[in-house]
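Residues or ranges marked as active site, proton acceptor by Swiss-Prot: GLU116. Summarising the annotation, Swiss-Prot assigns domain 'Radical SAM core' to 122-365 and lists sequence analysis as the type of evidence. Taken from Swiss-Prot, the feature disulfide bond covers CYS129-CYS370, and the record attributes it to sequence analysis. The [4Fe-4S] cluster binding site annotation in Swiss-Prot covers CYS136, CYS140, CYS143, and the record cites sequence analysis as its basis. Feature annotation from Swiss-Prot assigns S-adenosyl-L-methionine binding site to GLY196, GLU197, SER228, SER250, PHE251, HIS252, ASN327. What Swiss-Prot lists as active site, S-methylcysteine intermediate is CYS370, and the listing cites sequence analysis.
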Amino acid sequence: MSATSPITQDVVTFPRKLPEGGKRNLVGLTRPELAEALAAAGTPEKQVKMRVNQIWQWLYERGVRDFNDMTNLAKPYRALLADQFEIAVPEVVSRHVSEDGTRKYLVRIAGGHEVEVVYIPEEDRGTLCVSSQVGCTLTCSFCHTGTQKLVRNLTAGEIVGQIMIARDDLGEWPLPGRNPKNETRLLSNIVLMGMGEPLYNFEAVRDAMKIAMDPEGISLSRRRITLSTSGVVPEIARTAEEIGCMLAVSFHATTDEVRDKLVPINKRWNIATLLDALRDYPKASNSERITFEYVMLKGVNDSDEDARRLVELIKGIPAKINLIPFNEWPGAPYERSSNNRIRAFADIIYKAGYASPIRTPRGEDIMAACGQLKSATERARKSRAQIAAETGLG
């Protein structure tokens, strides 16, 4: 199958229709979409551009959720907006804080579906791990999240809404007499490494990230946004052209035989095809390098030979290799490589001239670590459902 073949998923998802008589959500609309919506609502043509700028700043620079708080708009115009539109973000169902400061939010979106969002504080940055789909279609054998079937894609509003609720919790919207732009940002980076494959939901992810990068709003540099893909080859060049963010690749193996088992998408776009697509990305996107993510699995992909083969495979690609200790989960078919084995693997890569940081697991005590998202929640709810069925209370 060629690298330009149409992309398909196990589950076909369709955009959700607006309920009869429902209001359109302004969160997630691009500037052109917002202009079109305001014009259709009766905004005079000569005022549309000005109104877009005003509303955009209220939504994404100040975090306002009530049209009545948009004080530089006339009251009749605020009433018109409130009559036809809403400002809606995902509902926070639960919030857990790890011993290491990691925060995990379970959020509910349209249709009653739930996804998880993780905030990871560090000394020099604060990173938000964002989801792009409900469930996942990739079935990577080492990832617990991948055992959960794909339900649907998230909308651009549901994706950017995750950023907004995290800023709510962190208190990072302006208050009278305070300008957060003059302060160290608590939420400074975004990684599209939550539930789902971002490149299987390209348009919504692109629009959400464009909103996050807009200098008149959330204003995050594209260098502070990293999109992680398992290797959807046909969309990689498009990502460079239309988003231009940093790119991470879930690589995890140095032979097709092993990667076919760990990351089944490799059966469609193998290692050679993937690497060919990646070689042009740093130049096309004006990004410094590509991050190769490599989960360390005992006796599977952690030998010295694997390390040397990895270095040979990526030769010529500006890159760093993130080594990820496997986050074990009940029933997992793999074990974490020993610390000594991981360090030896990292040393081979480092001596070949590549940065090879070993990721420190974060949020394990609240099931917020890599590959664990939503798993504990689903297990708990399944258990409650089983109990209810057994007792006749379901």
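Using N, Cα and C of the backbone, Cβ positions are placed for all residues, glycine too.
Just so it is clear, the model here is predicted, and its values are computed rather than measured.
Spanning the listed S-adenosyl-L-methionine site, residues GLY196, GLU197, SER228, SER250, PHE251, HIS252, ASN327 have a farthest Cα to Cα distance of 19 Å.
A count of other CB atoms within 10 A of each Cβ picks out CYS136 as the most crowded of the binding-site residues CYS136, CYS140. Each of the recorded positions GLU116, GLU197 was assessed for Cβ neighbours inside 10 Å, and the highest tally belongs to GLU197. Residue environment of PHE251 (S-adenosyl-L-methionine binding site) contains 29 other Cβ atoms, counted within 10 Å of its Cβ in all protein chains. For the recorded site, SER250 (S-adenosyl-L-methionine binding site), the DSSP three-state label reads strand. Among the binding-site residues CYS140, GLU197, SER228, the residue whose Cα lies closest in space to that of GLU116 (active site, proton acceptor) is GLU197. For CYS136 ([4Fe-4S] cluster binding site), the nearest of the recorded positions by C-alpha distance turns out to be GLY196; the candidates were CYS129, GLY196, SER228, SER250, PHE251. Cα to Cα, GLU197 (S-adenosyl-L-methionine binding site) and CYS129 (disulfide bond) are separated by 13 Å. The two recorded residues, CYS140 ([4Fe-4S] cluster binding site) and PHE251 (S-adenosyl-L-methionine binding site), show a Cα separation of 11 Å. Using a 10 Å radius centred on the Cβ of GLY196 (S-adenosyl-L-methionine binding site) and all shown protein chains, the other Cβ atoms total 30.
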